[in-house]
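Asker: Please see the structure below; I have some questions.
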Amino acid sequence: MAEDQLDTQTDETAVSAGAAPALLRRKAQAGREEQQARAMSLQKAMRLTLAKVADDLFGMAMATLAVRVETRAGDALDGLFDGAPLMMLLDGPNGQRGAMTFDPLLVGALIQQQTMGRVLADHGGGDRVLTATDAAICVPFLDDLLRRTSALPEAPEDRQWLEGYSFGTRAEDPRLVLMALEAAEYRVMHVTIDIAGGVRQGQLTLCLPLADAVGVAPSAVAEGEGADTPAPALLMDNVLKLNADLNIALARLKMPLRDLGALKAGDLLPLPGSSFDVVTVLTMKGRGVAQGALGQVSGQRAVRLTRSAAPLTQPRRRASDRAELDLPEVQFDRREAAQANAAQAAPAHEATAPALPPDLPDLPDLPELPELPDMSDLPGFGDGDLPELSEREAG
């Protein structure tokens with residue numbers, strides 16, 4: 001009996017000793033889960049910020065349905081930007097580049113909220129090509145989302161991943177985006193968004209380089225001694241990033257409508273008298289606005305405009321304008337000017353009269369005229385009532 005009690009106590013002690021580590025592990029795991037629930041992770045920061053930014057900027061209801069984060073090598077980003085999304089390149093610290101895409105449903109929802117004040121359901125009316133105007137409408141939402149999200153994560157590496165990024169330019173082709181992303185490794189975040197309480201569901205994708213992949217953490221450079229303050233963005237920098245279509249006319253052809261309708265791919269059109277030295281710059285509606293010469297600069301087509309002399313908009317007759325005219329001082333005589341004007345106003349036949357011969361003979365004396373007869377007896381001669389002249393007037 002004593003031996004049975006001793007064996008039972010020994011087994012209980014062994015069970016208690018073996019359960020202690022497992023119990024401690026469960027308590028530690030529960031503590032970690034509780035800490036993680038209270039901590040601000042990257043996914044949680046995106047969920048909170050997305051809803052607040054949409055409400056603060058546009059009074060728009062947005063909720064995050066799912067957040068998925070993955071890591072990709074720089075040469076494994078193919079297919080990430082397919083599906084005709086709105087592709088935007090991001091400028092980061094130290095010349096780093098990132099990318100963010102909005103799908104057409106999210107872009108349409110942002111446009112409708114800002115123009116109509118409400119979001120309509122998508123009925124599949126057909127996809128359209130997203131333009132720079134769409135990007136301009138989405139830029140405030142993008143910049144505010146990145147700025148406010150970067151301050152929330154508790155982990156330093158998560159904050160460093162988001163710090164300092166903002167909108168740079170719109171990309172028209174996924175190939176251009178892949179060429180701009182040159183880091184060795186990227187972290188990609190896929191966010192599925194519920195818009196206006198289930199009216200639409202959108203998708204955004206954020207692709208930023210990892211701090212280790214570029215060698216130096218953005219925050220470490222910003223806080224280091226002697227860190228250069230980033231220069232503010234200039235209007236010229238933004239304007240030079242815009243795309244502008246340049247339409248050039250080499251020649252103008254006239255042909256019957258029958259021949260025009262018969263044209264097909266591969267036909268050659270003669271260009272009579274066309275020259276690359278004289279081309280016409282056209283507007284989007286086909287109206288010529290300038291002349292120029294077609295050539296190339298650094299391997300790209302370029303047009304050198306031909307400047308035409310601009311007429312003076314105001315006559316330069318003031319004394320203050322003489323310095324610009326670079327003319328000598330001239331003193332005018334009013335009498336000479338009057339004589340010159342009179343000579344110009346003389347009839348044309350006087351100016352063309354033949355000159356007199358230099359030597360003319362003297363005219364002989366003319367005979368005296370005979371006395372006139374007395375005409376006082378003419379009828380009505382004395383009827384005139386003429387005023388008397390004074391002596392001064394008579395003299």
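We count from 1, first residue shown onward.
In case you wondered, yes, glycine gets a Cβ from its N, Cα and C as well.
Source: prediction; values computed, not measured.
According to TrEMBL, the record shows the following:
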type	residues	note
COMPBIAS	338-354	compositional bias 'Low complexity'
DOMAIN	239-307	domain 'Flagellar motor switch protein FliN-like C-terminal'
REGION	337-395	region 'Disordered'
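Each of the listed features needs to be described in terms of its position in the shown structure.
Answerer: For the domain 'Flagellar motor switch protein FliN-like C-terminal' (239-307), the mean pLDDT of the prediction comes to 83.
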Asker: Under DSSP, the domain 'Flagellar motor switch protein FliN-like C-terminal' (239-307) has how many residues in helix, strand and coil?
Answerer: 7 helix, 25 strand, 37 coil
